[in-house]
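Take a look at the structure set out below.
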Amino acid sequence: MRYKDGHLREGEGVTPRRIGILGTGIYVPERVLTNEDLARIVDTNDDWIRERTGIAERRIAAPEENTVTMAVAAARQALENAGLSPRNLSYIILATNTPTHIFPAGAIQVQEALGVNGVLAGFDLQAGCTGFNYALYVAERLVAPEGKYALVIGSDTNSRFTDWTDRTTCVLFGDGAGAAVVGPVERGGIITSFVASSLNMKLVCETEFNAEVSPFVPFSNTTSRHFLRMDGPEIFKFAVNAVKDSIRRILEMAGIDREELDYLIIHQANNRIIEAAARFAKVPLEKLYVNIHRYGNTSAASVPIALHEALQEGRIRPGDKVLLVSFGAGVTWGAALLEWSG
């Protein structure tokens, strides 16, 4: 039989090629920026930030670090944990909202750092904070036909696009990278997944970087125009609805009940959103991973960082049904249901 989205189950004449996550890795900068540190920069305090977001601290990239360097570090750890060489890869997909360069693609720079120039395809993908789920969705469809391997990375240097005088945004974001090696598995793997998008300009982390730089426009104060801007209340309402829709949709696609979920990892944007999703999914808090208090919102890196830490802490066991859910500005959202292969 098939899942409702068309994925094959076993015993249908053609043996499906199982694709799963073989290894994960992360990188977070050493520098910690606490709420107390922020209180010395803007009009805020620790209680105000914790109550509204659940965030206590976040990591900030050093001057010599960037989206690519963090991606490379996370990638190397993921490959090591997967027991694979960079030369086993056929694709590198980098999900980011804060590219180090507009071009060349950051994935190609990761490729060069890993020493595999010319032997695989690398490209970037931008889908807001849903980027890792989008990249995982694409990677599965690229590697499944021939049983190849892909490196999927979420990496963002949000601090470079943050207005540190705006307390509504500067308290939210941190820097970091998470990676996963995707390829054939003997059991388990990705059961089903989906991604979606819908343009809504009220729900945008708006950065007008270089928007008015041209030979016909006087070069003036463009610095303030490349900072992150967002409508917090609208984003919050969208996020709660997107998470509920993602859980409802993925369970219907897989043909399983909420009670069959073993672990839930949600984009770490706001603790209130995470808790609302847990109540909706009827998942007890011990089956919900939360690290937003340590890292803040790391955008496309959020889900893979949380997944890696949950694995390292032994919270996910072979055979567990794990749901990865994310949402982002634009707007984008998506989910992937995996049976963990161990």
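Using N, Cα and C of the backbone, Cβ positions are placed for all residues, glycine too.
For 123-195, the entry in TrEMBL reads domain 'Beta-ketoacyl-[acyl-carrier-protein] synthase III N-terminal'.
According to TrEMBL, the active site annotation covers CYS129 (among others). Cβ-based neighbour count (10 Å, all protein chains) for CYS129 (active site) stands at 29.
Summarising the annotation, TrEMBL assigns domain 'Beta-ketoacyl-[acyl-carrier-protein] synthase III C-terminal' to 251-340.
Annotation comment: TrEMBL describes HIS267 (among others) as active site. In sequence order, CYS129, THR130, ASN297, SER302, VAL303, VAL325, SER326, PHE327, GLY328 are the residues of the chain that are 6 or more apart from HIS267 (active site) and have a CB within less than 8 Å of its CB.
Long-range contacts of the region 'ACP-binding' (268-272) within its own chain (CB-CB distance under 8 A, at least 6 residues past either end) are made by residues 52-55, 129, 172, 236, 239, 290-293, 295-298, 302-303, 305-306, 327. Here TrEMBL flags 268-272 as region 'ACP-binding'.
Under the DSSP three-state reduction, ASN297 (active site) is assigned to strand. Summarising the annotation, TrEMBL assigns active site to ASN297 (among others).
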Reduced DSSP state (H/G/I helix, E/B strand, rest coil) at CYS129 (active site) is strand
Including all protein chains displayed, how many Cβ atoms other than that of ASN297 (active site) lie within 10 Å of its Cβ? 24
